[in-house]
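Asker: Please find one structure pasted underneath; my questions will follow.
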Amino acid sequence: MMATGSQNAYKTSAQMKRNERRKSTLFSSDPQTDNSPIDFILVYNNKKKDHKDTENNNGIFATIRDRQRESFEHYLQDVHGLELEHVKSTIDESVYVKIHIPFKVLLSTAEKIRMKLPVEKIYTQRNNSSANTESYWYRFTNWFKKPFCLDAALVKDDIDYYTAVYYSSNIKRFEPLFEGLRGSKDLYFTPSERSLLTYELLSRAHFDDDEDHNQLVPVNQRPALNTVVGLETGLKRPGISRLITKKIYNYSFPLHERLGDDLSDVDDSNLTDREKLKRYWATMRKFFKFQPLSLIRSYMGEKIAFYFALTGFYNQMLILPSIVGFIIRNHL
């Protein structure tokens, strides 16, 4: 019992260190939103309009873009409850909009897309009975797999859990893991999940919704003399994708965790997920190791993790045929 308690205390301490380090890299520097993680970045150009631009009608289009941008951002804040922070670049005329999504908004967006969320932890128990550990086959397989197994630092922090489609009516099933999964509500969603939900919300938002409240009414219930006009007014313009096409914003992207230059002297408990991937995965020195699929899934998402899992399985299946082919080639 004492060993289990000290082990849990160590895990909690290591998790707190990683959380604090992640907050210093991906969290806002604004005191009003300091506890909110940066989920997405929008970039636009705040170039000042001069008399020449006005004569060429460039200033008029810039004014329209500014108005549409303000309308879109007000809609994100007033309707969806997002927190926006504007930061001017010190190098050029770019302005960076940091988007912070509250936890409740993440849950509501996850419900709209029927996203599966963690609902219960999985506790695995290893069978280390004397009969198994003393068998020759067990010791041989354990010795054979040892060079290929993941580092202990990756295995001990791996969290496995059951998932279920989230519904607000069934929120009590999910509430115990909001803070119990990784120690904080801000870390309940993985970085890839936060980026996915943020992009989904930005794609569903429309910059003209707050200007025309009639668009909230279904098309077939609106008074329209002209059917074509009624249908056209009912079409909602796509969100961030169309805004980038219309040059209202220049770019949109999620942030990566900070990557240290020299990680040789840094303890594993102080590494971010990205730095762990660099140390134990994205290097030729670890090509013979099993892949940290749980960490890849947490940081990059299920699809990318599935791709690397399929690639790893494919390469493993080629080992035996390549050995047989090498032997046959040398003996013929």
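Cβ atoms are placed via backbone N, Cα and C, with glycine included.
No curator has checked TrEMBL annotations; they are predicted automatically.
Under the heading compositional bias 'Polar residues', TrEMBL lists 1-16. Per TrEMBL, domain 'Anoctamin dimerisation' is recorded for 36-212, 236-293. Marked as domain 'Anoctamin transmembrane' by TrEMBL: 296-328. The region 'Disordered' annotation in TrEMBL covers 1-32. Look at TrEMBL and you will find 304-328 tagged as transmembrane segment.
Please situate the listed features within the shown structure.
Answerer: Sequence-distant contacts of the domain 'Anoctamin transmembrane' (296-328) (same chain, six or more residues past either end, CB-CB distance under 8 Å): 190-193, 196, 273-274, 277, 281, 290.
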Asker: Under the DSSP assignment, what numbers of helix, strand and coil residues are found in the domain 'Anoctamin transmembrane' (296-328)?
Answerer: 31 helix, 0 strand, 2 coil
